[in-house]
Amino acid sequence: MAKEKFDRSKPHVNIGTIGHIDHGKTTLTAAITKVLAKHNPKNKFRSFDSIDNAPEEKARGITIAVAHVEYETAKRHYAHVDCPGHADYIKNMITGAAQMDGAIVVVAATDGPMPQTREHILLARQVGVPYIVVAMNKVDMVDDSELLDLVELEVRELLKSYQFPGDDLPVVRVSALGALNGEPQWEKTVDELMEAVDSYIPMPERAIDKPFIMPIEDIFSIQGRGTVVTGRIERGICKVGEEMEIVGFRDTRKTVVTGVEMFKKLLDEGRAGDNVGLLLRGVEKDMVERGQVIAKPGSITPHTKFKGEVYVLSKEEGGRHTPFFKGYRPQFYFRTTDVTGVAQLPEGTEMVMPGDNVSLEVELITPVAMDKGLRFAIREGGRTVGAGTVTEILK
């Protein structure tokens, strides 16, 4: 069977369900596909089991079980991620395996916010999930409307405590199971939820519209022409003749891109996602190295000290077999290269065990081009032992 062509006419948004175990994340995901399939034959219903038995995938050396579901509303096309286990959520959010433009926090009205609700909201704040919509689930199991109001208030307060606009964001009361069972009054609540997602979560800025950056992978000297750096453009556009900066490791230098080539052909410009070679004016081969970035002037700066939210691989995942302590000195792998750094643990934390997630303060021995939200891996001798996200730049 021929693959269906991806329809680009509708804007595309990435979302996911987060929240405490057994509050109905996967049931809600299945219910959304079922209700939307009734409106539009393009949408395929995905059963609970097909989502729950998510295949494992690798992201930055870490195995994560993630279910990818797609569907469309009248306005948009969505890619939706749902993870079977709590640890999978933590890994997914920290590694950015599936970036989210917004998240649906599922809270059971029967329980209210629970420890994992809190942890997922904190992680969403830390790793930069920008928008949250709340699905208050299992409302068919609560008779007392005052109790529902109380749970809603509690969720809003919790979100406010993590700097989300708790008073303003939508809280939609649903019964995922009722909708999955085809009960019209509950199907309607899923429609309401998707209308809230459509209107509240804005369109993400496309990678192509952001300031240009390309991590350098390789450097070549071309006789009589100068130095070419190659890599995959992370974001933005680079036009021939534009001034750029080389950032990281040493003092930032300015240069002009005098040529862009892809697959041995010359182009006028390179765009986000392209693997290109950039010819740089006035740059000797030994002035640039792998791990630096070529960037739009002023858009990114080099730093040595940052805070990061980190997931430490368990022994079973090929990680460390023993804990680490303050003063831990591994390599931090940013974009295309390893840099040694020293990690300090949060106050009151004696050690970090394999399988934990923790907030670390890191000082690198050489400056790296970074901004908030940048992902990194932690490696020992080329083996990945952790993954993280820069949550704050300190120096």
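Here the Cβ of each residue, glycine as well, is placed from N, Cα and C on the backbone.
Check Swiss-Prot against the ranges 57-60, 137-140, 165-168 and you find region 'G4' recorded for 137-140. Between the stretches 19-26, 379-386, Swiss-Prot puts its region 'G1' entry on 19-26. In Swiss-Prot, the feature region 'G3' is placed on 82-85, out of the ranges 82-85, 230-233, 334-337. Given the ranges 61-65, 66-70, 216-220, 351-355, the record in Swiss-Prot names 61-65 as region 'G2'.
In the three-state DSSP scheme, Thr26 (Mg(2+) binding site) is classed as helix.
Thr26 (Mg(2+) binding site) sits 8 Å from Cys83 (GTP binding site), taking the CA atoms of both as reference points. With the fewest other C-beta atoms within 10 Å around its C-beta, Val139 stands out among the binding-site residues Cys83, Val139. Across the region 'G3' (82-85), DSSP classifies residues as 0 helix, 1 strand, 3 coil.
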